């Protein structure tokens, strides 16, 4: 090999052995406080330090070391996941036609591999041959583009003989191809073999992380490895994410640091003035015998040295334990998320997992969710629910939307009836009384008119027979017999196709066998009849693609008749109908509209009878186009297909329900009520995405759809791209204007855009206006998007709105957007773990996102916000008293507190209460969070960590420091005795008494802040106060060599005096009076949502007055135009309008 290619080893970790220390240290010292304490630790090694070096270095090392250990642990877990992938095995050609297994990571470009059924492809491969004679194989690309339908790949004809191990004994060939790139749908290259050159295209390429299905084995040659593969080209490096609160915390540190520098400058100037003018008169300081630190002749230099002393001494304004306490709290919060049984999936046994704890509070501030579709919202299961045949609608089952709307209408109805008539022509039971009894996967159809052969008695039984045969014949699926049950299952290119075949089987038309040239169907018209196996010769297959929006099969039946069977989008089929084939068009159109409103996926079915001569003439053209070589081959095939797919006869239409994951509509509804926006980014075609939008209530009845698509253009024409861009710009401008001019309060807009249009709208000159349009729409659905486009859309929303974004997906094609978003959530799906490996949080079902955000997100945000605000409050209250005493003592650098007091303040005496606040605080219970989703907006609006609240807490700290210092000094003034024997208080007594007041004041403050008490909070808060007295007893009982001036200070000096106990109580109460007054006024006159709920729960009004509770719950919903509730309300408005028109004599208040 002339070039050095990448190995097949992949890594999704943030660090490796070499980069861990520098990158992790950089991460730690991006935090401003850590940077300050590093500087202070260095300065503590100099003579100017007022504190010992160990007391500065040890806390910093502990804080940074703990954070780095946590980062290492989280990255180690990612490394283990990578190793599981890299250690997978695949059969590789060794020599002489012998294959042996080797690890994926050892593959190299040019290796020949053999991949077996249901295995993932280990690298990007060129398909050489397969277990099928014609060299085809079926591939599932769910991890790449999110689609579950199987793709057909075909090898070159020249390599078909290479179908066994021994055939590769003397195999030699050369591949020349494009450089590695991120395009999943294109490939350019040549294959030189046996002195011939063959063109390669995407049909021969098997991409890494796609899976081999319905094919026993394939042989291939490795062309791209590791990070050169297309799936890895679509991924991005693992980013270092920080929450908005943490970033804002740095700004607060800047403010406090500015205050620190200011008071240090004041202290330095005051010290310089005292040194110059007063120190010469202080004989006890020996002014003639001093150094530069205290030199009356060099006051400026002495002041400069004192500036460094002051910067270290007043460092308590900046809480060094804030970061480590926050880390501890976040780890505890992550544990609670991991252990939440309500997010445990019993079917798979997978719990929720917080893969990083850095972003817990960010969960409570999400504004926009960007979601994948396949495997995230859906579980890739289609159920055949209804059909229209010969103008008659069959199937009495109802979708969830219809059931909910009927229940709601019946409860509100004033008509004296409990049943809403949706379709009078169809025999129906009350829709909300129906229970789906079917347990057959893919078939949820209920209608006795078609089941068990009853269809033979219908007026149009001939059309029904043709309908069933189209279902059984028009597909590319492969049957597989289940040996245990004796029932055929089907591996189909799309879930819809599988549902059609199951339906055909249940109707008595069982597809049972496929050969290279025929399809066999077992037909039974009624249970009394015998099975008849019929053979249909497959003459031609006109495949489905997103441009054609249809597929056709030409078959010859046993009587020799040639039939064209066609299914596709109704708009495509209807325009190809013959004049005599439109008999049922009106009724079918009406049924299709009703099915679409109910969120069902629809297709129209048609056929055409061909004459032998007509077919032979057309087939000659088709073979010629198929065997042509050149860039226009696809165009030729499309032209020839158009010649055949015309003059069709409409038979009917199908309606299948796309099975969403359990709880998806309810989850989306709750998230919408919480005020969150939801964008769906999918690789599926537009029709599929729209149907899913209806199914999960992102789209609804009456919603105005804005579809942006790139107008077709001739790429050979000059300025073709510019013309497309101008057309899109016009579409966006018109759409923005339409949205602005809308006056209907119930009007809602949905933006739907495809990947080609996104390519242009994501460019700099269009993206701002595209985002302006998108944010004004109720829902946004992006179709046919590549993994890279998903990441770019996510970046646009994140940077354009400035709000928190969350991306959720389950496949490798979602990794880019998961890493790009502020928060990435991976769904641990059945296929692959790439999304989970790249995510910040992992859940097993989309529905768990509701609890993750609305409950844990809300709690974590408020806990962390309140905790940080309290941290700054207590450190300002404590730190400023040191400055006041410094000024009182002539800026001498003397601290009023014993060194042990200062060391224990943050580490022991106030640390556990603040951790309990951050870990256990609950303003409301989890049940109430879910009942009142609008509470979530407190985080989105950042009510608890805006500058108003932060400055309020700082002001509270300033007030408390003034009260603590001046009241303490006044009470324990040296001019008045405080003991019965007439002794006055010395500095140790004043400092200890003041410190006691601080401990009481800040712990009472945190108790007032808490809304939820358990024995843990009581133990930590009151235990911290008790531990202070225990420490004083123990410290004072030690040797005077250790305790110094604090020897027996509580037992002998302070304890016996009443003024000490009374002043502690008095000062602590005065410190907390303003906060108590503020919170009382707020609850009485301007309560927040959670205040109202707390009061209702406290007085048990939720149990005594159900109407009030229901009324309050209805208020606690953000007004939204998407979701299940909004859709039901729209359905009710629609039904009321219809009933109003049918029964004009009744007065109905409606908003139509």
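Cβ from N, Cα, C; glycine included.
Caution: TrEMBL annotation is automatic and unverified by curators.
What TrEMBL annotates here:
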ACT_SITE  372  active site, 4-aspartylphosphate intermediate
BINDING   372, 374, 810, 814  Mg(2+) binding site
BINDING   372, 373, 374, 497, 544, 567, 601, 682, 683, 684, 784, 790, 813, 814  ATP binding site
DOMAIN    4-57  domain 'P-type ATPase N-terminal'
DOMAIN    836-1087  domain 'P-type ATPase C-terminal'
TRANSMEM  36-69  transmembrane segment
TRANSMEM  252-273  transmembrane segment
TRANSMEM  304-325  transmembrane segment
TRANSMEM  871-888  transmembrane segment
TRANSMEM  900-920  transmembrane segment
TRANSMEM  947-967  transmembrane segment
TRANSMEM  987-1007  transmembrane segment
TRANSMEM  1019-1038  transmembrane segment
TRANSMEM  1058-1077  transmembrane segment
Candidates 372, 810, 814 (recorded positions) - the one closest to residue 601 (ATP binding site) by CA: 372
C-beta crowding around residue 784 (ATP binding site), within 10 angstroms: 22
Which recorded positions sit within 10 Å of residue 810 (Mg(2+) binding site) - Cα, from 372, 544, 683, 784: 372
Per-region confidence, the domain 'P-type ATPase N-terminal' (4-57) (mean pLDDT, whole number): 78
Cβ-based isolation winner (fewest other Cβ atoms within 10 Å) among the recorded positions 372, 810, 814: 372
C-beta crowding around residue 601 (ATP binding site), within 10 angstroms: 23
Region pair the transmembrane segment (947-967) / the transmembrane segment (871-888), three or more CB pairs under 8 Å: yes
Sequence-remote partners of the transmembrane segment (1058-1077) [C-beta within less than 8 Å, at least six residues beyond its ends]: 877, 956, 959-960, 963-964, 967-968, 971-972, 978, 993, 996-997, 1000-1001, 1004-1005, 1008
Contact between the transmembrane segment (871-888) and the transmembrane segment (987-1007) (3 or more Cβ pairs under 8 Å, separation 6+): yes
Intrachain neighbours beyond the transmembrane segment (900-920), with Cβ under 8 angstroms and 6 or more residues off its ends: 51, 55, 59, 316, 319-321, 325-326, 328-329, 332-333, 336, 863-864, 866-867, 870-871, 874-875, 878, 991-992, 995, 998-999, 1002-1003, 1006, 1009-1010, 1012, 1014, 1016-1017, 1020-1021, 1023-1024, 1027-1028, 1031, 1035, 1046
Fewest other C-beta atoms within 10 angstroms, as judged across 544, 683, 813, which are the binding-site residues: 544
Top partner of the transmembrane segment (1019-1038) among 252-273, 304-325, 987-1007 - counted as Cβ pairs under 8 Å: 987-1007
Length of the line joining the Cα atoms of residue 784 (ATP binding site) and the residue listed as 'active site, 4-aspartylphosphate intermediate', in Å: 11
Within the domain 'P-type ATPase N-terminal' (4-57), residues counted as helix, strand or coil by DSSP: 26 helix, 0 strand, 28 coil
